[in-house]
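Visitor: From TrEMBL, for reference:
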- 15-32: transmembrane segment (TRANSMEM)
- 68-88: transmembrane segment (TRANSMEM)
- 126-147: transmembrane segment (TRANSMEM)
- 154-173: transmembrane segment (TRANSMEM)
- 185-203: transmembrane segment (TRANSMEM)
- 246-267: transmembrane segment (TRANSMEM)
- 296-359: domain 'MIR' (DOMAIN)
- 370-427: domain 'MIR' (DOMAIN)
- 431-491: domain 'MIR' (DOMAIN)
Amino acid sequence: MLGFLKRPVVVKADINLNVVVLTAVALLSRLWQLAYPRAVVFDEVYYGQYISFYMKRIFFLDGSGPPFGHMLLALGGYLGGFDGNFLWNRIGAEYSSNVPVWSLRLLPALTGALLVPMAYQILLELGFSHCAATGAALLMLIENALITQSRLMLLESVLIFFNLLAVLSYLKFSNSQKQRPFSLSWWFWLTLTGVACSCAVGVKYVGVCTYLLVLTVASVHAWHLIGDRTLSHVRVLCHLLARAAALLVIPALMYLLFFYVHLILVYRSGPHDQIMSSAFQASLEGGLARITQGQPLEVAYGSQVTLKNVFGKPVPCWLHSHQSTYPMIYENGRGSSHQQQVTCYPFKDVNNWWIVKDPGRHQLVVSNPPRPVRHGDVVQLVHGMTTRFLNTHDVAAPLSPHSQEVSCYVDYNISMPSQNLWRLDIVNRESDTEVWKTILSEVRLVHVNTSAVLKLSGAHLPDWGFRQLEVVGEKLSRGYHESMVWNVEEHRYGKSQEQKERELELHSPAQMDVSRNLSFMARFLELQWRMLTVRSDDSEHKYSSSPLDWVTLDTSIAYWLHPRTSIPGCAGRWPGLCAPAAGR
């Protein structure tokens, strides 16, 4: 039984020296003096901010891609002991002593080095010779752009790594299919393909291209299996189910997992809160949650509310009014009603408060017990500080003449009657209740007299409107748009009928005692939608270039600035541009 102790244990292994040498040189070229330069280089100023947010558990939104790549970079900072305290404000800024530069750049460097042996293996799996595989690996090894990006705290090398891993894994799986289907290695490579695809998409959305490539090839192979007469129907079904589980279910679950971990890590309020809905903001610690905790859930007649536009474009804002009126004559010669201005204001302000009034009663306080407002009810909205009613009529809006002007009614004792009745339309109401709810309910306010809907046009008013955003009445016949939807963000039950006491109420902070939670799926869907729809500034800047500049190199972007060194990367660019012409 112990006979194996009488003779040595021998392990035999085939070592490809080509791969070993190439990998060693790749690691050396990517890791040598990795902490140099000890200054912010190019987009490190961009990703570094998000790493600091992770370290401080502060919520952020990045429209460039899902959070998986950011979390990988943040992992390097966490392992290096980074506390997030560094001001990422300019390229070339010297890193302070608390920033673990080597740890932050380590993961991109490792993934960049592994591109070399992966390129070698991919060509072998495709049936090319070792000589061709070595040539491809050498090109990956010495490519200047790949080396440079691999040595910085950027996501390009990480993205390429997962793209190549997905392709290599599927090629390995495909070759295993020819030899031993449903073997352990077959399952391993198939599963790894799905994992790598989800990771590629999780780093940047451009990873979807690789994912679609793998799905297309897998679909063609599956079609061939269906037509294979040597396989039974059960066998074909098993093949299809295995591929669906590995290439569809696993990537979807992993994609959700990325966001789940992301939302667990960034649970505190941050600078990007206002991009999100009120419900999302209320789920974050230290931000809107401090204001909305303990608010009454159901909006009642007499409630004091602030109404935030759900669309939030061009900036998040709240329904607002003030003492100023629309000018009698606009710059283009059109006339107005000269009523009190109603706008959308992008800051918290006491003039954002409105009182929900029952048209059949005079009181502006909540009764006991409170009478909740329901879907389909007709209400009046009274501006809290001026006590004037929200109104619209058949007068053209100042900047959107095809829409109606929205104002607070001023009685000039002329033949212009007040039209201040609004029907409540809860667009996301639940089947079991139709009560208007704080934060949760998304509502449209439909004007009873004209059937116009209260809408944020997005245009900035001139100086007479203090550059605030225009609010209009849009006919329902023009269709539905998210800018027509509002939700109650701050809410309290009004207690005073006297205007002076009510103004003091509006200035006082709301009570705080109970927090609200939002489900993961609701937060995921909103965050994903915001990431896909948020747009950065597309205006020209000093580093912009045309396609012709890419050839002539008249315009360049400095990755890093040094007083004695400034070498453009033209050695690889010009031969690369000449290569297609030479190939012809």
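Every residue number used here counts from 1 along the chain in the order it is shown.
Cβ from N, Cα, C; glycine included.
No curator has checked TrEMBL annotations; they are predicted automatically.
The model shown is predicted, which means the values in this text are computed figures rather than measured ones.
Quick one: how deep are these features, and who are their neighbours?
Guide: Beyond the ends of the transmembrane segment (126-147), by six or more residues, the same chain brings 18-19, 22, 25-26, 29-30, 112, 115-117, 119-120, 157, 160, 171, 569, 571-572 to within a C-beta distance below 8 angstroms of the stretch.
Averaged over the domain 'MIR' (296-359), the predicted model has a pLDDT of 92.
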Visitor: Sequence-remote contacts (6 or more beyond its ends) of the transmembrane segment (68-88), Cβ cut-off under 8 Å?
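Guide: 40, 44-56, 62, 95-96, 98-100, 102-108, 153, 155, 158-159, 199, 202-204, 258, 261-262, 265.
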Visitor: What residues elsewhere in the chain lie close to the transmembrane segment (246-267), defined as a C-beta under 8 angstroms and at least 6 residues from its ends?
Guide: 53-54, 57-60, 66-68, 70-71, 74, 190-191, 193-195, 197-199, 201-202, 211, 214-215, 218, 284-285, 520, 523-524, 527-528
Visitor: Which residues of the same chain, at least 6 past either end of the transmembrane segment (185-203), have a Cβ under 8 Å from a Cβ in it?
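Guide: Here the qualifying positions are 65-69, 72, 155, 158-159, 162-163, 165-166, 169-170, 172-173, 176-177, 210-211, 214, 242-243, 246-252, 254-255, 258.
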